Structure formats: structure tokens, C-alpha cells
Amino acid sequence: MLNRLRQYGIFVVFIIICLILSFISPQFLTVSNWTIIITQASINALLAFGVTFVIITGGIDLSLGSMVAVTGVTAAMLAHPDTFPVALPIFAGLLAGLLMGVFNGFIITKSKIAPFIVTLGTMTIGRGLALILSKGRPISNLSDSFNFIGGGEVLGIPFPIIVLIIIFTICSITLKKTLLGRYIYAVGGNEQAARASGINVNQVKMAVYSISGLLAGLAGVLLTSRITTGQPNAGAGFELDAIAAAVIGGTSTSGGTGTMTGTLVGVLLIGVINNGLDLLNVTSYYQQVVMGIIIIGAVVLDSWNQKKD
Amino acid sequence: MPSNPQNILQVQNLSKSFLGVKALDNIQFDLRKGEVHALMGENGAGKSTFMKILMGLLKPDSGEIIFEGEILKSNSVHENLRKGISMIHQEILVVPELTVAQNIFLGRETNYRSWLNDKAINQKAQEILDLIGVKINAQTKIKNLSIAEKQMVEISKAISNNAKVIIMDEPTSALTDNEVTMLLKIIKDLKAKGVAIIYISHKMDEIYEITDRITVLRDGQYIATKNTNELDKNALIALMVGREINDLFPVNNSKKGERIFSVENLSTKGKFENINFEIKAGEVLGIAGLMGAGRTEIARAIFGLDKYDSGEIILKGNKVEIKSPEDAIRNGIGYVSEDRKALGFIPALSIKDNISLSSLANFSKAWFVNSSHEHEAATQLSKDLKIKSTSINQKVMTLSGGNQQKVVIGKVLLTSPTLVILDEPTRGIDIGAKFEIYKLINQLTDKGIAVIMISSELPEILGMSDRIMVLSKGKQTALLSKHEATQEKIMQYAVN
Amino acid sequence: MKHLYSTLIITVFLFISCSQSKNAENSGDKKIKVGVTLLSMQNEFIVNISDEMNKKAEELGVELISVDAEHQPLKQIEQVESFIAQKVDVIIMNPCEVEASSPAVTKALAAKIPIINVNSATSTKPTAFVGSNDVESARIAMKYIAEKLGGKGNVVMIHGFMGQAAQIQREQGAKEILKEYPDLKLIAHQTGEWDRAKSMDLMQNWIQSYGSKINAVFAQNDEMGLGALKALQDAGLKDKVIVVSIDAIADALQAVKKGTLDATVFQNAKQQGAGAIETAVKIAKGQPYEKELMIPFQLVTKENVGQFLK
């Protein structure tokens, strides 16, 4: 029992914070507020799921925010009303993300340069590409069908939440139940031993960076649709929120451990804190301090728990 | 037990449990000045927990340690070090980018005035190195030293600390014969100076050469303390394993089949050249040679971990191209590495996940792992290999060395190999587990699997192999049959 | 002798023609060279200023060297140093920061190269300033809200990046007006970091805690105004809440035309860009110029939006 509790340490923290907030703010524990929290968290969630795969292999992806901008702008350019069917801008956005992810994976596996450096490079390249494609201006006047993705509802549930649930399920199953998932843990746990066990390490790395890019593409499309414009400077700093969510959720930056459920809790924790501090009208200056403390606190708590094991 | 003034260290009724499991139960131990005292026991007997308590890394649940007549209360490594208890680790802990002198005085630079004074440190370090008769310059960077030399640096560090008790945990496991001789000489010198040494090793020859007394632990219990010259090898093994092992090498009667594997003129520049051998189904080919003779390099090339420059690998009559371990496994070749930690297993994954890792595709349909099949197969193998664990979901990093090795072997077996290369399969594991691995080799050959066994332990090579290939400096110097091979002959060819 | 004479004439003639052609070349070369460093080319408003500068420069035959300081004051100072080294005739700077970009002005003046600040100020006085007063823009916006609400109601304000000159001045302007209307209450204010998505999230959260209590939103730029607008529309509250922002970017003008955004404040990027180049030319030619060229703001509502749409 005690072990179980430790395993879910961050989940307990999450519940405690929710309890505190619901005592202070009467609006906090309402269906409509939670709908908003989850909708707002959906974009960070997609990025965090992608980067969780990457971090478990022992890598990192700093280009997430830039990929969001490139893919968002790409989708927006093709999403004006009465031009193409809505599937095209969505597909183009996803493809742009996938290509950038493949590029990351290709350079990382071929050059053996640290993922930190490679994705730092693509982060800058991506930002430049987004500005070039959009000529530095936001792209607006998007079709209603495109705007539905981020703003529409199905059976009263906002579409981004539906996307979140579907993607979470797929990622979770991929990590837990598939060959790829097991190989991801193996590569992160001991890359040399994974190779000696007959795993094609490069293929696994290609796969995780591609997935990360693809999900960043989806996040880009969702964001563009949600704010109904393609913004070249969108997504700046998103990678840090995503990495923070994964780490808060128990993914070790040294690789080999982590779960999608943990990351989801991390994402929701960040979302809840943002929402709660706004509800309580805490000054922006303090918001940043509080968020930082919670990130460090969560990780410290987690490492204590791991040491005890 | 009254405290004996002769004893520098006395341990009484020491107990320690982890999560309710007793790792040490009522341990008694005493260490005299100027004595080399062997601590023996199978892996998991409690030796490392005991040593960690002595070092101050762990706190005992009960019992006391009396050091120089006073009860040792500290539980900080730093304080114990200051009082004179040092440890030479199995994994060497020196900082590669610093010099020998800087390593020796690491963390204690301030003893030599408040500013870093390299000159004073260098001089002092050189004195210590000369004292123990090691030819190392104090200003060389650690990264340029061999493993043996690094160990000498560790010993120098202990001496510089005015150590009164030095714990040595498998100090010779990575040393060549010459280096071992040198280390043993240093130990004798230390002993003459009154330093007490706790010596942990699985190598019987060393134990009998240098130790005065032997204390045996088994399953966390204190078993006995005897004078070394009053305890013969078989009796010692019996104490350790709790039963008699009459013949360490079980008889192999496997039938030899057709030739299934051969290499022709295999060469990699600077590593090995023109290697030729063949192996039949059910046969054990031993590869002997000194460290650096190219044994592991050949195994790595055959298994696709390294590229080879020229030559051919022929499997069941067909020439095969092996470019990666993936190719090797697909062709029915399995490899159990000498470097278990680096290449053997994934520490954070479970026994089950590690065992199935190389053959996971066989347990999968359209990318999805069939976990019930996987679970079944892993459970069966774990049972067959007698892996000691609470469940097959236990993480491999929590297992003892011998059990980790069994997991690695299990992983290879699950790929249904026709050829298994075992590289130092018994390094760093205890006698009981060694015996089980030898039996396992025989089980493999019974099934018609060909085995290549690389080993530095000549008795093992002689006891287990049908034929023995000897290497020297990357060249094949002999291919002996079981009948013609002797330790002397092998050594002759190995130093050739 | 005659020979010598003719040779002399020819030589002199050649010399003159030569020097004449040189003169001609020189006057062609004598194109005025202006170095421009801009806050950030990722900002649509700045891009508009830059576009207008290029247009005006071409019209007046001025050679422009345009660089992007990417929000970094240090980079901006280095860019000005390189302009000084290239011996440009005039430097135009769109400062990153009030204090941190000041050394650039000092350096240019020390090198006797005139420097013009465009759009925002530095603490060191430049040769000339072309721009608008940010405090004024917020006064116009807040005044509009006050009048629409009849001087009574609850307002929320979305800040830009905290601590930036534009944020500080726009906050100051808004607060000045709020003081004049004691019944107009500022019930919440937070940063939206100039970002549409961020302010959309913020507005959603405010709707949760304040619901229909909010009567008006003042966003310090259009991006954030449009984000808040989207949140209000999604919640079905737009009809009850006034939204006003600043900058009059294309998207905002469209929204004003549709009647969703109540008003925006037009800061004339074109006039700022053109004014800066014109002032630079006057300084370079030694003609009289205005030391502070103030381009006025204009309130844009549904009634007059037509004249701002291209």
C-alpha cells in the first residue's frame, strides 16, 4: 500500500492541490471550469506526450514550440474558406510536423550529435521557417470547418478534449503494449545493451522524434484553429511546459522510465495551477514564482520517493 | 564477547533489514592489526551490505562496531574515512580528468593549506606512490592509466588517508596476472606495516596466497571464522554453499553433430588477424589468452557489434553477412557479454522484459506484444535457470550478479540460438552460481547448441571445453584438443 | 612647339573630362546611406513600419541597411556600432528597451552620426524622435470604454509583457482615465504576454470566476484583444462585454468591421516609417527638421473603420 502511494506520489500532490483550490475558489470545482482546464491543457498535452517518448529514450526535443509555429502557419495558409477541403490543411500541418521530426531523428542518428544541440538548431530553423512562410504576419480568415477543430463541440464536449483522449489512449497503448514501447524503454535504460539485444536503436530514435514532430503538428493545427489564426510567433516556450509536464509526471531525464499517465497528470497539474492562480487573481509576477516552486517541489518529492525504493 | 585489545575492529550482533527482508542477521566479526582477513560468501550472502555499514554508507538496525576500542557511531563515509577506514571499490571511483595526485587528495586539498597547492600535492602523492613501489607519475591524468594503475591510485589514496583498515572488494577482477602479482605484493607490504585488510574475492588462489583468516557468511548469517591454513578448498566451498560440491565441472557427454559454424581468415586491423576455426553442434570451443589478446574483439565481430575488415563467417554451410546484433540474432547467434552492466541488461526493466527483449517480435502480432505468452515463457525460463527473485516483475538492477547473468543468458536462450558465445560467463559471480552456469552449458550442448566460451580462468577453460583455441596478441597460436591441453601448454601459447 | 601645345590641350581636356566623369560618379555615390535597427521583425506592427520605410527610401533615393535586433538590446547596440563603423549618414533605431538601448544613442552621437528613435523612446535623447505617445493610446481606449459604459461598470485589463515600455505606458494611460471615473472598477488584471492564445486562456478563466460581472475588457494590444474576444464569443457573452484594444492590425480592423471588436486604436505605422525616413533625409541634407515628430493616434470604430481598411 505504502509502495503504491509512493508510486503515485505526483497524483497525490495533484489531488491535494485540487482540494486546496476548491476550498479557496468556489468556481474551481465546476464542470464548466474543468472543461476549460482540460481544453486549455490539450495543446500542452499533445506536446508532452510526444516528448515523453523522446525523454524515455534518453533524448530531448527543444524544437516543439517552433514546430507548433511552422505547422500552424502551414495549415493556416491552406485553410482559407472556399479553397481546399478541410482535410488538406490538417494533413499539411501534420505532414510538416512529421517532416521536421524525421529531420531531427535523421540528424541525431546519423551525426551522433547530442539531441539537445540538434533540436536547439531545429528550434531556430523552425522559427525562421514560420516567419518566412507567413512573411512575419499572422494568417487569418480561416474557414469555419477548420476552426471547428479547436473551437467546436461534439455532444457538448469540446473537440480538443476528444483529441486529447484519443491521443492519450494511443500513446499509452503504444508505450505499454507494443514492441516499439518496450524498445523505447530499453534504449533509454541502456542503449548499448539494447543494441546488443538486437534492437535497431536508430530506428527507435527515428520513431520517437517522428512521433514527437507529428504530435507537435497536431498541436499546431489545434492551436491555429483555436485562435483562428496561424501565428509565426506562436508556441514560443511551449517545449519547456511540455518537458516540465513529463518530468513532473515522473519521466526521468536520464531516460528509461516514465509513463503516459504520469505525463497526463503533469499536464493537468500545470493546467490546474494556471487556472487556479487566474481564478484567485494572483499577480502575474507571483504566478511565475509559484509555478517554479511547484515544478521543483514535484521533482524533489519524486526523487525522494525513488531513493527510498 | 569481550573486546580483545589485539583487534582493531570488532563487530558484534550486527543486523540490517531492507523492507522487512533480513540482509544481515547477527553478524560477528573481528579484525586484527596487520591481518589480511578474507570475507567469503556467495553473492547475496550479505558481504556488500556489511561493507557498506563499515564504510558508513548504511546504518545498522542493531549491533555495534568497535573501532580502536571505541564504539563507532558515525554514519558518514567522510567521518569513517577520517578515522582510518578506507575502501577500494569494485567499480573504480576515480575522476578521469584529474591527475593522479589530485585524485589522491580529492576532497582533502585543504589539508595542504587553504589554497590548492598542486606542487605540495604532487610531491606528497609521488612519495606515496614510490612507497608502495608503483611506477606512476603523480601528474599523469587518470584517464591515461590502465585499470590496474587506477586501482593502485585508489590504494595510494587509502594510504594517504593513514588508513588503518582497508576494504578490498574484488580488487583483481579486472587485472592481468602480472598486475595481480604486483597487487598481492603491495598487500603484503601494507600488512607488514600493520594495516588490516578485509579482502573480498571469488578467486581461491588469491585467498590461499595472502589471507590469514577467513570469515564465511551465507544468506545474511554468520557461519564461521577459520584460520586459512586450517581450511581446505572443498571445506571452504562447503561452508559457503552449505553443501559439498565435489566436482566443480560437471561431466559433459553431449553428442557432437555436424559442423554448424566456422570463420575463415577473419581479420580486423589492430585487433586480430587470420582467425580460423569451426565448431560442431553440441561442442564447446574454449578461447584462451591474456587480456588484450583479441578474444572479446573476435566475439564482438562475429556478433555484429563491431565491423570486421575481411574474412568470412559461414553458418550451416552458407556464407552470412553480419552487420549488426540484429543480423546475428536472426541467424541464430547469441552473445553473453563479459561486460554485463554495459551490454547485458537494461537495469530499470524487469526480469521478464529483459528475458524477452531479443525475441519480443516472436511474442508479438502486428506490433502488439502478447503479454500472456511473454509472461509464460519468461516464467518458465526463470524457473529453469533458477533465478532467485520475488517475481519476474522484479527489476534486474536489484538482483545479485549471478542472477543478473542468468537473466542475460535467459534472454539469449529465448532467441533459440544455434551458437552461443559466452564471454567470461562466470566473472564476478559466486561458486554456487558458477556451478549452475556450467551445468547450463552442458544442457545447451545436449540440445545440440554449439558454445564458444571465452574465459581468463584456465581451470574453467580446461574443465568445460572440447577444444581450446589460444590467442596471443591478436593471432591464433594454437588449437588444442581437450586431451592435449594443460594449463602450462595454454600459458606457453598465450604468451607466445 | 605646336605639337607640345596640342598635347597639353589634350592632356588638360582629358584631365577635365576624367575628373568630370569622376564627379558624376561621386554624385551618384552620394546617395544618402541610412542604417535601421528594428525591435523585432516578428511583430506585425514593426514589419509595417519597416515596409513603409523601404517604400519611402526608394522614393527618395535613400540607401537603407535594415537589421533585426530580435528583442535583444545588446544586439541592437552592436548593430549601431557596426553602422558607425560603416560610416552611414543617419541611424534610425526602433529601441528594444528604454534604458538598455540608450548606450547606442550615446555611441552614435559621440561618433557625430545623427540618430533618430522611431516608435519608442530611450532615456538618452536622440537627434530626433518620430513616433506616438503610448500613454495617449491607452487613454483613448479607456476613455472609449468609460463613455460606452456611462462611467460605471467593471473592467478587466490584459497586460503585455510585464516591464516593457509599451506595457508600462499603456497601463499608465489606462489608470489615468480610471482615476477620472471612480465608478469604473478594475476588477482584475493579468499579463497575456502580447499573445492571442495566452489571453484566450486567461479570459476563459476570468469568465469562470467573474462570469457576467465583467462589462468591458481592455487589452494592451490587438492580438490579446482578439484572444479575449474569442473566449467571450465561445462563452456566448460577447454581446454583454465591450472589448477594446490597441494597434489596429489587419485582423483587428476586420473584427471591428464585423462588429465583434468594439474598437481599436490606430497607431500609424506608415506615417511613423515615412516620417523617420523624411527626417533622416532632412538631417543628412542639413535642412531644418522637427526634433519631436508626433504622429497622432486615432480611435477606430465601426463608423470609421472603412478608411483604415485597404
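Placed from the backbone N, Cα and C atoms, the Cβ positions cover glycine too.
Keep in mind that TrEMBL annotations are predicted by a computer and have not been checked by a curator.
What TrEMBL lists as transmembrane segment is A:7-28, A:34-55, A:62-80, A:86-106, A:113-134, A:154-175, A:206-223, A:285-304.
When each of A:34-55, A:86-106, A:113-134, A:206-223, A:285-304 is scored by its Cβ pairs under 8 Å to the transmembrane segment (A:154-175), the top-ranked stretch turns out to be A:34-55.
For the transmembrane segment (A:206-223), the neighbouring stretch richest in Cβ pairs under 8 Å, chosen from A:34-55, A:86-106, A:285-304, is A:86-106. Contact check: the transmembrane segment (A:7-28) against the transmembrane segment (A:86-106) gives fewer than three Cβ pairs closer than 8 Å, residues 6 or more apart, which falls short of the contact criterion. Taking Cβ pairs closer than 8 Å, the transmembrane segment (A:285-304) reaches residues 9-10, 13, 17, 244, 247-248, 250, 266, 269-270, 273-274, 277 in its own chain, all 6 or more past its ends. For the transmembrane segment (A:62-80), the residues of the chain that approach it from at least six positions outside its boundaries are 43, 47, 50-51, 86, 88-90, 92-94, 96-97, 100-101, 104, 116, 119-120, 122-127, 129-130, 133-134, 139-143, 146, 212-213, 216-217, 219-221, 223-225, 229-239, 242, judged by C-beta separation under 8 angstroms.
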